[in-house]
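For reference, the structure is listed below as structure tokens.
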């Protein structure tokens, strides 16, 4: 064979070696992008990467779903044994259980009664449940000033019972914001479909056929009747949770909180117990992940299921399996003090007892409705319909039925 014939073979061999080297480099880059996977089913699993990520973090953001409360006896929504499936079987529904959580549920009396029965049951389960190890872990992070924010999709109010995880309803429009941001509302509170009325949840409100009329709306109509004015449509009471195809009453506040948290440069994101199906939650996770990676921090996924393709490339650490088991094993490694449940019952003063509108529990506050500004104690009284009624009654001469004083009405802001 001539020398000229050897040259193409040598060149082809070199080309193949270069391609092989490039492919190996690409494979290495791909592997470096894949998250580290830990399975709680393996008793010998090394949790040191998870411990290291949490220890070095100073500003942790946590996004949670129903999976963190299953161990407390509260069902999730989408699993085969979840709330949607059980509702369909219990009430023999032709529709999916998800449709009971749609904003159109109040258009049909039968759907309303089923929805209210489900709400009473869910509130009872939540009220009797105890926070899980993961809830206590979140409280510990807050007490150690490592938790920047907790965004929860849960309505069971287990988080807000614990120290450091307080929230308020409605959310304020400007800082300071509470540690816990309920993305879907809470079963601790009922609200009016028309006015700004808020009250602590009472199961008796939903233990009847149909709906319960808002007391503030009834009082307002009584004032208007005495003043010789036309009556207005009265709202009804409902749990202050966000249903599918509804506008979130605190959407602007949540957007402001997210913007502020991104500016605070979080260095760790923990996504726990959620499949991330809600578009708004997806956006929060993606934006927070990008911000965390800019700070050279870690994005941690804790769930039975592995992350979807949308989130797989965002995660640095995937802990797949029972997240309660993971936290129990993590606890001694972090050298955390004993995590004790703070007493949910607190002594109330006579002033607090006289006003359920001021405070629901030791951890969840009811604040003034969004958009109402009060300049003084006198002006805040004038916004109260009961005070207006008192004014009107005092302005009536007996026996002459004559109104001497024109009554002004503060238009309540819709939720």
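Each residue's number is its place along the chain shown, starting with 1.
Placed from the backbone N, Cα and C atoms, the Cβ positions cover glycine too.
Checking Swiss-Prot for region 'Disordered' across the ranges 1-26, 27-52 points to 1-26.
Comparing the Cα of residue 273 (NAD(+) binding site) with the Cα of every entry in 184, 192, 195, 214, 217, these being the recorded positions, the smallest distance points to 184. The shortest Cα-Cα distance between residue 304 (NAD(+) binding site) and any of the binding-site residues 192, 195, 214, 217 is the one to 192.
Neighbour count (other Cβ atoms within 10 Å of the Cβ, all protein chains): 24 for residue 273 (NAD(+) binding site). Among the binding-site residues 69, 73, 81, 153, the residue whose Cα lies closest in space to that of residue 195 (Zn(2+) binding site) is 153.
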